[in-house]
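Down below is the structure, laid out as structure tokens.
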Amino acid sequence: MKEFDTIAAIATALGEGGIAIIRVSGNKALEIVNKIFRGINGKDLLDIKPYTMRYGHMIDENNEIIDEVIVSFMKGPRSFTAEDTVEINCHGGIVATNKVLQNVIKAGARLAEPGEFTKRAFLNGRIDLSQAEAVMDIITAKTELSMKSAMTQSQGRLSTEINNLRKEALDILALIEYAVDFTEDDEEPDETIPVKVKEDVITLRGKVNNLIDTADEGKLIRDGLSMVIVGKPNVGKSSLLNALLNENRAIVTDIAGTTRDVIEEYINLDGIPVRLVDTAGIRETEDVVEKIGVEKSKEKINEADLVILMLDTSRELDEEDKEIIDYIKDRKYIVLLNKVDLDRKLSSEIVDNLENKIELSAKTGFGIDDLKSKIKDLFFNGSIDAESVMVTNTRHKEALYRASENLDGALNGLNNNEFLDLVSIYVTSALRALGEITGAELEEDLVNKIFAEFCCGK
């Protein structure tokens, strides 16, 4: 375990609440907190047993009571950071919590940097980097499904998979080294070794690519699906948004162009976090405010994972509808034929040629379940398993791509009968790329950058 100074930070969300927790970690954690703790009957903290709690008060330099607290003690390495850790349970609230923290710092602790507690857990070998990143994913999870996926990663399932792949890469390198040593000793080379190396590289590349194939689904589970609702004004976009949200979030009127700006909301679609974007229409307009909304709509369409095109079945297709269809036709889309509860007037060969059509009444809710099923079919083949090993982090995906590309390079070298020691350069690069995922191979600056994105107190 590495030697660090003692750090402290508020571990709970800042604001009014029943209880707040101040976390203190480091070799002097107990000694520092003891300086400002007064237990019942004069008891201090120096004789506290690990994994127990003690009731008392926090006091300032004038021996005045700051707050009533319960203090717990976790002895390293059996703690989150693998260091001695003290947690002060005090009353919630900005003033009370900050007052306790200020006195902990006065007593000798340093204010922790964002993510520094988790960083210490990583540097002390308690967790690897992918597990550390999963901690933040647990905190930011928007649905139970994304929570389960993050929990699976935090328990080391992905780490185990990556470590197994690294072992296979090391075995390939050992085989290459064995063959190269034979050549250097002027012994007759074993002609079966290049064949075995090639087979192993192909197998390893296949496993790496299988993980890459999970990345798109994994990213959607972690970050959510970006879905844009688009259509001409008053086609029912806001009504659809409200139907999906089960509340009147958007203004619904008979006046075209009422939604003048982009409206964004999150919904839980059977465990998938979906960021719904209700846009202004994209018609030509002279209204300056509406024109800004139209430009924002086009930006959101270009950024979206899925476009929901709404058409009004109670009206004929017009030029504005055709303009929208032309704009979104090369993207992944679903066509909602809205207002089927009214007399149908929509009839067009253009519409007939569109894919993924669903009849809907946003007003009555008819067709909403069909829409949800279609979304799952398009992105998850109809089923989702958050407990299987999958790649949810873009950094991990990029590292896997580099590993796969280097294994491609190794395979090309083998096919061209290049020297095995040249092939080993590609395999070594693949090994390092895989190591970046768990932190086994990573520059210190990048490690610092990753943990800097964490919240304080974690």
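Placed from the backbone N, Cα and C atoms, the Cβ positions cover glycine too.
Binding of (6S)-5-formyl-5,6,7,8-tetrahydrofolate is annotated in Swiss-Prot for E87, R126, K458; the matching candidate from R23, R205, R222, R395 at the same site is R23. Long-range Cβ contacts of R23 ((6S)-5-formyl-5,6,7,8-tetrahydrofolate binding site) within its own chain (separation 6+, distance under 8 Å): A8, A9, I10, A11, T85, V86, E87, A112, F117, G457.
The record assigns R23, E87, R126, K458 to the (6S)-5-formyl-5,6,7,8-tetrahydrofolate site; their largest pairwise CA distance measures 19 Å. For the recorded site, K458 ((6S)-5-formyl-5,6,7,8-tetrahydrofolate binding site), the DSSP three-state label reads coil. With every protein chain in view, the residue among the binding-site residues K237, K458 whose Cβ has the most Cβ partners within 10 Å turns out to be K237. Among the binding-site residues N234, S238, the residue whose Cβ has the fewest other Cβ atoms within 10 Å is N234.
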